[in-house]
Each structure stands twice: as C-alpha cells, then as structure tokens.
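**Q** If you scroll down you'll find the structure; I have some questions about it.
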C-alpha cells in the first residue's frame with residue numbers, strides 16, 4: 001500500500017516542479033506562447049489535483065497506527081498545491097495586465113514599473129528555487145523509505161527462512177522421538193510377555 005503512495009508522491013513532486021517552472025515563465029513569454037503555456041499549466045494543475053486525490057485514498061487505506069506520517073505529508077502537499085494555484089493566479093493577472101497595456105498602447109517601460117517587475121520576478125524565482133529544493137528533499141526521503149522498506153522485507157524473509165528451518169528440525173526430532181517411543185514400547189511388550197510366560201511355567205511346576 002505504501003509503495004503505491006510513494007509512487008504517486010514521486011509523480012506529484014515531478015509534476016509540481018514542472019508547473020513551478022512554467023508559472024515562472026508565463027509573464028516573460030510572447031502573447032501567443034503565453035496563451036498556450038497558461039492552458040498547459042491549467043491541465044497540469046488538474047493532473048496534480050487528481051494525484052492528490054489518489055494519494056488521499058491510499059492514506060485512508062493505511063492502518064491507523066501507521067497513518068500519521070502519511071497524513072502529515074498529505075497536509076504539506078495540499079498546502080503546496082494551494083500555493084501553486086495562488087502563484088498561477090498572480091501570473092495570469094500579470095499576463096492579463098501586460099496584454100491590456102499592449103492593447104492600450106502603454107508599453108509599461110517606465111523605470112518604476114520595471115523595478116517593481118524585477119523585484120517581483122526575483123522574489124518569485126527565490127520562492128520557486130525553495131520549492132524545487134523541497135521537492136528534491138521529498139524525493140530523497142521517498143527513496144530512503146523505499147530502501148528501508150526493502151531492507152525490512154529482506155529481514156522478514158530471512159526470519160521466515162530461519163523459522164522454517166527451526167520447524168523442520170523440530171519435526172525431525174519429533175519423528176525420531178516417535179521412533180524411539182515405538183522401539184521402547186516393543187521392548188517393554190516383549191519383556192512383559194516373557195515375564196508372563198515365566199510366571200505361568202513356574203505356577204505349573206508348583207502344582208505338579
């Protein structure tokens with residue numbers, strides 16, 4: 001069950017990294033390319049939401065004693081999804097303002113507007129860099145969990161193999177014990193028969 005969650009988790013990390021990169025590019029693209037990029041990001045955001053839904057379903061299937069860690073990760077992913085949607089909305093607003101300025105003949109090249117745009121882009125790039133770093137750390141954590149899970153599985157197989165050997169040895173000892181009991185029973189039976197035979201012979205002699 002957890003392996004399915006981790007698979008969705010890795011897909012989500014890759015997809016959100018792509019979305020983040022595309023959102024940052026939207027304001028700097030020519031109008032025609034911007035429209036295509038906006039449509040592409042909208043589609044990928046829907047795919048990311050579907051992945052979150054699948055991950056949520058997987059978490060619900062995990063036993064309660066193991067669910068806490070996955071629930072915390074889900075909250076983090078949902079927060080990241082909400083931030084992506086806000087960033088995309090801001091990017092679309094900036095795109096709409098630029099298109100409007102072009103239609104009205106305002107090229108927006110004043111030094112003040114340029115400074116504001118540069119500051120916004122710098123802050124956005126820093127935010128994107130941090131998000132990519134978080135995605136990278138999650139991928140590394142997912143890989144580590146997969147390695148640990150594989151190690152635990154290997155240890156369980158080894159323990160089962162040892163237990164199987166112990167059971168086999170116990171069965172062999174039981175068969176040996178049964179065989180020894182059978183021999184002892186036959187010996188005792190023979191001794192009883194000989195004792196009864198001697199007693200009968202002695203009695204007949206006494207009577208004679």
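Glycine residues also receive a Cβ, built from the backbone N, Cα and C atoms like all the rest.
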**Q** From 34-61, 62-89, which range did TrEMBL mark with coiled coil?
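**A** The range carrying the coiled coil annotation in TrEMBL is 34-61.
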**Q** Short question: which residues 6 or more past the ends of the coiled coil (34-61) have a Cβ under 8 Å from it?
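**A** For the coiled coil (34-61), the sequence-distant neighbours (Cβ-Cβ under 8 Å, at least 6 residues beyond its ends) are 1-2, 4-5, 8-9, 11-12, 15-16, 18-19, 22-23, 25-26, 67, 70-71, 74, 77-78, 81, 84-85, 88, 92, 95.
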**Q** Residue counts in helix (H, G, I), strand (E, B) and coil for the domain 'T-SNARE coiled-coil homology' (124-191), per DSSP?
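**A** Per DSSP, the residues of the domain 'T-SNARE coiled-coil homology' (124-191) fall into 68 helix, 0 strand, 0 coil.
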